[in-house]
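Heads up, the thing below is written out as structure tokens.
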Amino acid sequence: MLLRQVLRRGLQSFCHRLGLCVSRHPVFFLTVPAVLTITFGLSVLNHFQPEGDLERLVAPSHSLAKIERSLAGSLFPLDQSKSQLYSDLHTPGRYGRLILLSQPGDNILLHAEGILQTHRAVLEMKVNHKGYNYTFSHLCVLRNQDKKCVLDDIISVLEDLRQAAVSNKTTARVQVRYPNTKLKDGRNSFIGHQLGGVVEVPNSKDQRVKSARAIQITYYLQTYGSATQDLLGEKWENEFCKLMRKLQEEHQELQLYHLASFSLWRDFHKSSILARSKVLVSLVLILTTATLSSSMKDCLRSKPFLGLLGVLTVCISLITAAGIFFITDGKYNSTLLGIPFFAMGHGTKGVFELLSGWRRTRENLPFKDRVADAYSDVMVTYTMTSSLYLITFGMGASPFTNLEAVKVFCQNMCVSILLNYFYIFSFFGSCLVFAGQLEQNRYHSIFCCKIPSAEYLDRKPVWFQTVMSDGHQQTSHHETNPYQHHFVQHFLREHYNEWITNIYVKPFVVILYLIYSSFSFMGCLQISDRANTINLLASDSPSVSYAMVQQKYFSNYSPVIGFYVYEPLQYWNSSVQEDLRRLCSGFTAMSWVEQYYQFLKVSNISASNKSDFISVLQSSFLKKPEFQHFRNDIIFSKAGDESNIIASRLYLVARTSRDKQKEVIEVLEKLRPLSLSKSIRFIVFNPSFVFMDQYGLSVTVPVLIAGFGVLLVLILTFFLVIHPLGNFWLILSVTSIELGVLGLMTLWNVDMDCISILCLIYTLNFAIDHCAPLLYTFVLATEHTRTQCIKISLQEHGTAILQNITCFLIGLVPLLFVPSNLTFTLFKCLLLTGGCTLLHCFVILPVFLTFFPPSKKHHKKKKRAKRKEREEIECIEIQENPDHVTTV
């Protein structure tokens, strides 16, 4: 108890001296932040650079999939095999992808001629570089066997259909099967990702296609790693997108959706471009709200400019933080859009608390002492909450965080909070000093002119009296606190406090909290950690439209999974063959092993030993035209006259539903353990695994670490700072708010991506920011009853809490009008954060604190003992001097 009092008094004494220092040197503390802002603000313009690698930002930094990618690339170059390793949105390298969708009820296979015309337009499209024209044939990925461009097999199917139409044959004569079809050259090809919306012929044993709605074609470009090749690829992709928009206008019978390798990155940064004007509108709304909420009818004590300057203080601190970020080679990305809103929510809280602290000081004191008293009253709690911000976001920026976007955001947030704290006590503190000096000298808070005397005002019109009144007409000279006429404080004191503590209201509040808890718990049971990159893109972008159509018509099969056997294997052994069949069971396999076994069976060839197996494989099987493409899937080594298979690969595709991503993650989690337990050593890889692998763990770890950090700090300070029961109630309140936001945002269809994770980390701090002053004032209050103590807490801090949360929520409204999934997620999460915190501060805590400890009876007993002691002393004095009583 003594240690707690010593620490608290020491912190208050330090903050009091800090306030005196600022009040004695206001020009210095006003100039230094301004110079820093100008210096670092100019660097924003000179060093601004956007982040160009989306994978680096949103894919887990440390994952097994990246190691598997390196190993698979060392065996079979991914640039040559990316046409086989189909991936929905995360295809490596440069490419152009096209979906053609027919009208409802129509069969797209009947439009073979129109589709092939579009295909030829893409092949003939030219890009100019240094006077030379380049077409797709100059830039495409080449096949090893004939050095021709790699094209999707659906093109061959469409050519067969067109030839059948030209020769007046029915399309039924061309047998198209799904998902595996046989091409004219004898090859079996998987077209599950190239043909969508398929309706099969009823009772068809060979899975013949009756009709289809969509066709997807991908054009793969070479990537040598040179700057020229990359520039040519970028130009080709831009021309490809322009061509698709042009063809869409010409061909109304088919809908065209296009995607290029830069589409995700471009649409990710499009959110920032779309949000610029809305962020400025948000700033104007916050400035207006802060100015109005800081005003009073009393022209002397009203502080509208302090509310305005408080918001501007946070803005210039953010400009300084942005300059430091870009000077240190930081790269901007759209997730950083949340920093202004996060920092504003904390910074304006300090501004409004200092204003409330100023109102609680005695007017007869010099303005410098009033500033120092306000600092000692407010800055202790504000320092603690700022420290918790630094701890939680510092842990989010630690190496334990596996998402680069979260790490970069947390690093910037730490710098912003640190500068925010410095600017609040220096720049805004100086503004408070000048405003206090104007008030002490009786200057008008808006016009900065001397307020006339009451006798002079009486001779003036009513409008002049209203504008120039300092409140003497409304308040008596014996009133201890003229600031109680602030409209928010008056509403809380005269109306709300009496209503919320009414015994008839409390049962309804308990029922409300039970409803809140049940919905929160229900939402927490439905949390999903789907790593959907679409949640970070502009909602009206081509990438989102493409992804929606792709999910609707091409979700029957998972991405093509590369199955890499990276050690020599006895393929001729029957037990190995059985293991391979067992591993591939349940998948649609594109396997040279399976085709080779079938070839041996049909040809009636025995290959039960190594020499026969490899000899027939090289001399017969791989030389047939329909099997030549399997040469790319086998790596031979030769030692003398003997050949060995040192590595090989197969392709597996799983049957999936609309929730493809969840099922692919389940497949990945099932296959990986088998690679360790089986005799066959293999790895599985698809480019999309880099984004999915360990994503659930990557997004939850930052919140768990931040929550653990807050809990640890509060427990360590349990018996050191303020009051142990205050920390206990703070832990309960923060947990309730955090779980409420988590559950409700899940019910609002918000996935656990990097934006929602950052909002959850912020919720911890936002809840502490607003609940801590209220709770600590309550536990330290010395009134007779809990009801009186909670009334005092709401009177002292309710105004600042209501002002700040109102500004925070009003500032979020423009985000609702930004056509972006990223900003919409940000709006949902922050709206729930502000709403749940407001609910706890003004409804739940004021009622529940009147039921549970800390008890106020010991304060009542102490006051009774003091009163009794005073009465005894007075009796003794009367007995000692009875003449005095007679005289009276």
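Glycine is no exception: its Cβ is also placed from the backbone N, Cα and C atoms.
Summarising the annotation, TrEMBL assigns domain 'SSD' to 275-434.
If you look up TrEMBL, you'll see 305-327 (among others) marked as transmembrane segment.
The transmembrane segment annotation in TrEMBL covers 379-397 (among others).
According to TrEMBL, the feature transmembrane segment maps to 417-435 (among others). Here the transmembrane segment (417-435) has long-range neighbours at 18-19, 22-23, 26-27, 29-30, 32-34, 303, 305-306, 309-310, 313-314, 316-318, 320-321, 343, 346-347, 350-351, 354-355, 358, 367-368, 371, 374-375, 379, 382-383, 386, 389-390, 393, 445, meaning same-chain residues at least 6 beyond its ends whose C-beta is under 8 angstroms from one of its own.
Per TrEMBL, the feature transmembrane segment maps to 703-722 (among others).
Tertiary proximity for the transmembrane segment (729-749) is limited to same-chain residues at least six positions away from its ends with a CB under 8 Å from its CB atoms, namely 516-517, 519-524, 526-528, 707, 710-711, 714, 756, 759-760, 763-764, 767-768, 771-772, 775, 779, 828-829, 832-833, 836-837, 840, 844-845, 849. Residues annotated as transmembrane segment in TrEMBL: 729-749 (among others).
The transmembrane segment annotation in TrEMBL covers 755-779 (among others).
Among the features that TrEMBL reports, transmembrane segment is placed at 800-818 (among others). Counting same-chain residues at least six beyond the ends of the transmembrane segment (800-818), those with a Cβ under 8 angstroms from any Cβ of the stretch are 271, 274-275, 278-279, 281-283, 285-286, 289-290, 293-294, 311, 341, 344-345, 348-349, 352-353, 355-356, 488, 492, 770, 773-774, 824, 826-827, 830-831, 834-835, 837-838, 841-842.
What TrEMBL records for 830-852 (among others) is transmembrane segment.
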Same-chain residues at least 6 beyond the ends of the transmembrane segment (755-779) whose Cβ lies under 8 Å from its Cβ atoms: 335, 338, 342, 345-346, 349, 353, 381, 384-385, 388-389, 392-393, 396, 403, 406, 409-410, 535-536, 699-700, 702-703, 706-707, 710, 722-723, 725-726, 729-730, 733-734, 737-738, 741-742, 745, 786, 789-790, 792-794, 796-798, 800-801, 804-805, 822, 825-826, 829-830, 833-834, 836-837, 840-841, 845, 849, 854
Mean per-residue pLDDT computed across the domain 'SSD' (275-434): 91
